[in-house]
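According to TrEMBL, the protein has these features:
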type	residues	note
REGION	193-212	region 'Disordered'
DOMAIN	207-613	domain 'Copper amine oxidase catalytic'
ACT_SITE	D278	active site, proton acceptor
ACT_SITE	Y365	active site, schiff-base intermediate with substrate
MOD_RES	Y365	2',4',5'-topaquinone
REGION	649-673	region 'Disordered'
COMPBIAS	664-673	compositional bias 'Basic and acidic residues'
Amino acid sequence: MHAKIQDVSDKKIKCSSPGCIKSKDGTMLMEKKEILNRWSGYVEDPFKDDRCKKPTVEKNTEGPSILKEKVKDLLMESYGANVKDCPNSMDCLSLHPIAMGSALTDSLNKRYFWFWALYNVPFNLLHPTDFGVLLQASGVDPAGWTVEQVWYGGQMFDSLGDIAQQYATGTLNKTKMTKPVYSDDLFSTLHRRGDPLPPNPQRPPMQVEPDGKRYSVKGRKVDYQGWSFYFRLSSFQGPQLYDVQFHGNRIAYELGLSEIAVYYSGISPFTQASDYIDSGVLSGLGTKALVPGGDCPETATLISYFVLNQHGPGVGKYDAAFCLFEHNNGYPLRRHLYYYKPDGFYSGMLDSVLTLRAALTVGNYDYIIDFIFHQNGALETRLMSTGYILGNMYKDVERLYGFQIEESLMGNLHHHMFHLKADLDVLGTSNRYETLNIERIDTHLSWNKSHPYTQSKFTSSLKQTEMEALYHFDFEHPKDHIVFNNAVRNRWGGQRAFRIHLSGMSKSLIPEDLSNEKAISWARNQIAVTKRKEEEFCSSSNYGIFDTLDPVVDFSTFYADDESIVDEDLVFWLTLGLHHIPHTEDLPVTPTAGNHLTAFILPYNYFPECPSMGSRDTVYIDYKDKADPTKGVKVERYGNSKEQCVIPRSDLEEKLEDNPDQVLESRRTLPTI
């Protein structure tokens, strides 16, 4: 697929090896050997072990023995559970790891984790305790790892021995929690509960394809109503599109997710340290299973994907990593009604679109990513967040950071941030970026010059350099953002452009370069525009969650050289986000309603008229005889039938009986990641 894309592309490869990065002194590395050495050094140095005889590292599924030895009585008295020697897994406390960014430890050569004790019932992050340990975990030998601090009951202790001594002498202020008992009605489960609606079983509306599918999939290429594109799944970033064309003209060479981050706030170290940069956990591999009737329409095409298997030889297969479907959004793409005789008419067309969907499960959160293709030439990328919130034990001192939403439970304020890469090629790779600034103008009425009047005008502002193109949303200064090839005009002399429209922007409140902010420097602006470079292929790295003090990829360097972006091959970096204060209706999981973030790429003086005018989906109603409207009206469907079709039967149960691994890992001999 990649070779085919390159063949049809006029991109020139400037770096023959994957992942060009900078050396320690800031020099761009272009040679394959130098790049591999740099990556190897970064990965290996913190874990370097020069001993001739290496220790045997065994997987520990029961928790560190030091916890059992030193604080087992404290854990049992405080929480009614321990980390080891439990009758079954639900009787044990699980330990949730929280990676510490190096900016919080001021150390590039050590790795720190908070391990947070949670009740091991579904879902454990909604059943937190107020106990955890800070582990320094540098090197490959666990014998060299050390517990640096302990958090318990809102207090910090220097060591496990310190807290054990205070417990033994009776000077410790103790926490007392009741261990939750699992049942289908437990608030954190997803079993149906409450009064059933509707009162009697009635199936929800279904999408049907009365004349079969109007799209085709061959390998990783999709064709639909004038659209064509290739797609792939990146293990690091997630779903991506390539060579997106409409009616034979390329709009985007590449469009996809570059990074997801979520930064939490609070007083407990578990929430303060929870600054997640999701490519660090290979977020793309969270795209495991989509369920017809739950995630996608029953008529959707499920598309499998193969990934490298770190647990064994060969590859792992996800049977439903993507779903592809056409549906109508339930509202018109366009319509008009002129009601009055004798010239009345109606024309309308529902917004039927093709959607390619993936859902990334990253720990507790689920992120739904849709690429949506409209018949008017609009390309929409939509992100929705759902899944479980990260809970925390409620204390009055935490009230600035969240509400109490259950017994001993709060949901902490956090900020979701998404970064998209849009390598646009509008009528070629020689493109410009211009804003149309909508401004106030004070004038007078044309027919009465003594009467003042205020209205709006717009002026064009061509962005010359990368720094000039940085965009911060400002409600006081509305504008349109357009991309065009200056050498190609429409018949009226205007730029044949595409417009970028973002809905769902939020401001990062962390000052630049403070705390873990440097690793998400891409969140400083809602739009950044850079000259395309092969080595600047992604705005983050899978080490971002650790290397916040000195990121391997610092996005601000992409535009710091302030290169010209006039008549260049341009990449648009788009930031979406939302601040989330969890509330009771986020239990058990956050609904997607109100969480839709969208980035549109829209034709703008590009076509002579709306391309959807050629669609047979239009319904046109006119008088049978304009001279005598009393004869009634006629309906034109442009060849489409009005006959009813048979609703397809769901076969989800049968498919899962044959292959349960499609949704839940069941019969595989090895896990896939």
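Each Cβ is built from the backbone N, Cα and C atoms, and glycine gets one as well.
Whatever TrEMBL says is automated annotation, not expert-curated.
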Residue among active-site residues D278, Y365 with least C-beta crowding, 10 angstrom cut-off: Y365
Length of the line joining the Cα atoms of the residue listed as 'active site, schiff-base intermediate with substrate' and D278 (active site, proton acceptor), in Å: 11
For the region 'Disordered' (649-673), residues assigned helix / strand / coil by DSSP: 10 helix, 0 strand, 15 coil
Secondary structure content of the region 'Disordered' (193-212), with strand meaning DSSP E or B: 0 helix, 0 strand, 20 coil
